[in-house]
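Here's what Swiss-Prot has on this protein:
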type    : residues              : note
BINDING : Thr50, Asn115, Ser192 : substrate binding site
SITE    : Tyr108                : site 'Important for catalytic activity'
Amino acid sequence: MIILPSITEVQVESVVFPPAVKPPGSDKTFFLGGAGVRGLEIEGKFIKFTAIGVYLENDAVTSLAAKWKGKTAEEVADSGDFFAEIVTGPFEKFTKVTTILPLTGQQYSEKVVENCVAYWKAIGKFTDAEDEATKKFLQVFKNEMFHPGASILFTQSPQGSLTISFSKDGSIPEKENAIIENKQLSEAVLESIIGKKGVSPSAKQSLAARLSDLLKQCESTT
């Protein structure tokens, strides 16, 4: 088992992402890879909707080190392959999306599905299975309301499951709300955040800076 150097928390607006969390239904503790804001330019003003933290299980460090050890933050930030490897790598990921402005479950889920479908069509992988998975995804969110400080939690398994949980106060619940078995959806949700057209460039920058530094620290301790 790899022993990680000291991992720090990240604050995004008023939201603090702790250095380590244990996802709902998991016996593993994940470390904070990076965090950032998701917003949109509306009438010349940048409106912030959510703060997003991306956590990884410890095995991610060993997996990423093979190709990215010794690379600078700028080198990994500019590489689409780096983020693709986080999305598709053989390790678990946990994403915490905390609302800054109120959002309905329908608003949030429809936008996520729109981004996922656009990604699948771009890579030629939109099948009936993905269509069915998005319908399940929309159903899970249908009656939810996320007030400021509430969180949407995703656990992405390399085996292909997407675990969805909700928290009204930003804490980590013990149990999940739903599990959807579809590898393409599991990966596409994270891809929509940190991928080529990801909705949170600041989370990508944070991941690049923190992980490149972490890989350097791990290299110096081995």
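Just so it is clear, glycine is given a Cβ too, placed from its N, Cα and C backbone atoms.
Structure with Swiss-Prot features highlighted.
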residue	record	DSSP (3 states)
Thr50	substrate binding site	strand
Tyr108	site 'Important for catalytic activity'	helix
Asn115	substrate binding site	helix
Ser192	substrate binding site	helix
Substrate site, defined by Thr50, Asn115, Ser192: further same-chain residues with Cβ within 8 Å of the Cβ centre: Arg38, Lys111, Val112, Val189, Ile193, Gly198, Val199, Ser200
Thr50, Asn115 as binding-site residues, winner by CB count within 10 A: Thr50
Fewest Cβ neighbours within 10 Å, where candidates are the recorded positions Tyr108, Ser192: Tyr108
Distance [Cα-Cα, Å, rounded] between Tyr108 (site 'Important for catalytic activity') and Ser192 (substrate binding site): 12
Maximal Cα-Cα distance (Å) across residues annotated as binding substrate, namely Thr50, Asn115, Ser192: 16
